[in-house]
Amino acid sequence: MNWISNYVRPTINSLFSRREVPENLWRKCPECGTMLFHRELSDNLFVCISCDHHMAITPRQRFEALFDGGVFSEVKVPAPIADPLQFKDQKKYPERMKSAVKATGEPEAMLVAEGEIGRTPIVAAAQDFSFMGGSMGMYVGNAIIAAAERAVALKRPLILFSAAGGARMQEGILSLMQMPRTTVAVQMLKEAGLPYIVVLTHPTTGGVTASYAMLGDVQIAEPNALICFAGPRVIEQTIREKLPEGFQRAEYLLDHGMLDRVTHRMKLRDELIRITRMLLGLGPAIVGDLPAPDPAPATPEPQKAAPSAPAQDKPGAGRS
């Protein structure tokens, strides 16, 4: 009985037990509610195939889609003083930081990298909205300065992807100081004659919009991105009026001259390659090395025809 209960029964149960299915295989579009398979969503750069809604994307995922072959190297960012104000609300600031690091796997809200797009060397920086709302603190200020200094040192253009709710309240006046600091960093690029291209993604608001996010030589946005200083709800409550449809969205800003382009995420890399090379005075990008073609199926050699028999050996030969 022990052999049956200890070995046979568990073996049978394991054969017929329900397999565990990972929870993240499917994702629901927040706009239209369509259930999307994770691999299909990833291949489409996290854009809904039903309604074209652009979902949030991490800096690493963005860089893998941007750089040639997904290859890039990170630029080191100086770490600022941790919790300079000893800030505490419902949680202590260090506790919030630990939770954000654990949730995202990143040390802070911005990633800086260098690599090539269309064989054109660039420096890129991207904010991570999932890290405390992408809020601009001392680290983000240091990251933008590091990106600008690296771009100037290597004589490369800087492409920045913004996604933030504004300044980080836990750092108080020190976070607001990053507005002039990052503005000076952008000025370094302009004085060096290097292109500075900004891609505004959903959402870009507050002090980020009031500083480095709106200082690009070329301003591009993803479709339907919210781009503003104060949000529409705050404005409606202040002026007590209904705002126009699509107010502060990318398409509205494009129509009113605040943006140069609104570009679908799937077309963004090609657009950035064209604009970057144009601003650098270079010709059209050279198509990268194409993968080797699939080997053609081996065609069987034609069988050699059997040698014809001599006339005298053929049946009926010599008969009259």
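All residue numbers here begin at 1 and follow the chain in the order shown.
Including glycine, each Cβ sits where the backbone N, Cα and C put it.
The annotation domain 'CoA carboxyltransferase N-terminal' is assigned in Swiss-Prot to 25-294 on the grounds of sequence analysis. On the 0 to 100 pLDDT scale, the domain 'CoA carboxyltransferase N-terminal' (25-294) averages 94 in the predicted structure.
Marked as Zn(2+) binding site by Swiss-Prot on the basis of sequence analysis: CYS29, CYS32, CYS48, CYS51. Mapped onto three states, the DSSP output places CYS32 (Zn(2+) binding site) in coil. Around the Cβ of CYS32 (Zn(2+) binding site), the same chain contributes CYS48, SER50, CYS51, HIS53, each under 8 angstroms and 6 or more positions distant in sequence.
If you look up Swiss-Prot, you'll see 29-51 marked as zinc finger. Sequence-distant neighbours of the zinc finger (29-51) (same chain, 6+ residues past either end, Cβ-Cβ under 8 Å): 57, 61, 65, 264-266.
The region 'Disordered' annotation in Swiss-Prot covers 290-320.
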Sorted by sequence, non-CYS29, CYS32, CYS48, CYS51 residues with Cβ within 8 Å of centre, Zn(2+): PRO30, GLU31, GLY33, THR34, LEU36, ILE49, SER50, ASP52, HIS53
Those residues of the chain, 6+ apart, with a Cβ under 8 Å from that of CYS29 (Zn(2+) binding site): MET35, LEU36, CYS48, SER50, CYS51, HIS53, MET55
Candidate with sparsest Cβ neighbourhood (10 Å radius) among CYS48, CYS51, the listed binding-site residues: CYS51
